[in-house]
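Student: Handing you a structure now.
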Amino acid sequence: MGILQGKKGIIFGALDENSIAWKTAMRCHEEGAEFVLTNAPVALRMGEINKLAEDTGSEVVPADATSMEDLSNLFDVAIEKFGKIDFILHSIGMSINVRKGKHYTEMNYDWLTKGWDISAVSFHKVMRTAWDKDCMNDWGSILALSYIAAQRVYPGYNDMADNKAYLESIARSFGYYWGKEKKVRVNTISQSPTATTAGQGVSGFDGFLQIADEVSPLGNATADDCADLCVMMFSDFTKRVTLQNLYNDGGYSNMGVSEGLVNKFINGLEKS
Ligand SMILES: NC(=O)c1ccc[n+]([C@@H]2O[C@H](COP(=O)([O-])OP(=O)(O)OC[C@H]3O[C@@H](n4cnc5c(N)ncnc54)[C@H](O)[C@@H]3O)[C@@H](O)[C@H]2O)c1
């Protein structure tokens, strides 16, 4: 018996086998959960998700997470299949300014608005759809993925930093009502830099990844580590953890510098 035996859910954002959502779907399946997989229609055209669907015995339902109509249809399919559901994973992020290499100081505001809708407001839309349809079981769990650029400056992460700050705020604001009225918890996981399609699109990403790995006493959390934490957060072992931004980062968020980083810097200076 897995720790998610009998749990039903919806998983957004599995693009390919590197995706955090992909790894999470595999782990949820291993722990006995059943779920619907979803992604934007354009991402589904790549076809890779069908392999994940086969491996996990899941149905794939296309939905642009910014479209209330698509979300309504998606939740109707899940409700038809499962009745009420127990967990939702929002693993979605995209910035056109990042993608097109637009500098933060020269922000294109149309692109900003689109990226904000996809990366942050869609979390409200997902929860609003579930709320309106009253489809979450008591003690259900809703999760979204974030990054420490919501709190600290990472040049190159661009408007995604602002989107993540907004996303984390939505988790707290909506999470209050979910807790009070529906006994459902809402959290974000702030994950280490991870080599995925979204991650590698960020300028300077390899540097972020290596520095974080050097500074963190436990090293960077991998996508598999993140999947494990998602499983735990969907399980009954975390029933009263809510309104939190949970750092899954090997300790990075509480570090200043590490001896290793200082030594690398000093050695570099000595050589130059
Ligand atoms: N990779 C990292 O370094 C890292 C670190 C911290 C947090 N995160 C966050 O983790 C989450 C998952 O990203 P990932 O790293 O697995 O990369 P990924 O590229 O595999 O996943 C991003 C997903 O967002 C989906 N998406 C984009 N626009 C959408 C839309 N309109 N509707 C529905 N889905 C849409 C994409 O199709 C893709 O599946 C994101 O929120 C990301 O910001 C990633």
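The backbone N, Cα and C atoms fix where each Cβ goes, and this holds for glycine too.
Curation does not apply to TrEMBL; its annotations are automatic.
Below are the features I grabbed from TrEMBL:
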BINDING   GLY13, SER19, ILE20, ILE92, LYS164  NAD(+) binding site
ACT_SITE  TYR147  active site, proton acceptor
ACT_SITE  TYR157  active site, proton acceptor
Student: Please check each of the recorded positions GLY13, ILE92, TYR147, LYS164 and report the ones with a CB atom less than 6 Å from an atom of ligand 1, ordered along the sequence.
Tutor: GLY13, ILE92, TYR147
Student: Over all pairs in GLY13, SER19, ILE20, ILE92, LYS164, the listed NAD(+) binding residues, work out the largest Cα-Cα distance in Å.
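Tutor: 18 Å is the greatest Cα spacing among the residues binding NAD(+).
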Student: According to DSSP, which of helix, strand or coil covers TYR157 (active site, proton acceptor)?
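Tutor: In the DSSP reduction, TYR157 (active site, proton acceptor) maps to coil.
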Student: Where does ILE20 (NAD(+) binding site) sit in DSSP terms: helix, strand, or coil?
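Tutor: Note: ILE20 (NAD(+) binding site) is helical by DSSP.
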Student: What Cα-Cα separation, expressed in whole Å, is found between ILE20 (NAD(+) binding site) and TYR147 (active site, proton acceptor)?
Tutor: 13
Student: For the active-site residues TYR147, TYR157, which one has the sparsest Cβ surroundings, going by other Cβ atoms within 10 Å?
Tutor: TYR157
Student: What does the structure give for the C-alpha distance between GLY13 (NAD(+) binding site) and TYR147 (active site, proton acceptor)? Integer Å is fine.
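Tutor: Between the Cα atoms of GLY13 (NAD(+) binding site) and TYR147 (active site, proton acceptor), the distance comes to 16 Å.
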Student: Taking the Cβ of ILE20 (NAD(+) binding site) as centre, how many other Cβ atoms lie within 10 Å?
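Tutor: The answer is 27 other Cβ atoms.
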Student: Who sits close to ILE92 (NAD(+) binding site): which same-chain residues at least 6 apart have their Cβ under 8 Å from its Cβ?
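Tutor: For ILE92 (NAD(+) binding site), the qualifying residues are PHE12, GLY13, ALA65, ILE118, SER119, SER122, PHE123, ALA144.
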Student: Measure the Cβ-based neighbour count of GLY13 (NAD(+) binding site), defined as the other Cβ atoms within 10 Å of its Cβ.
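Tutor: The answer is 25 other Cβ atoms.
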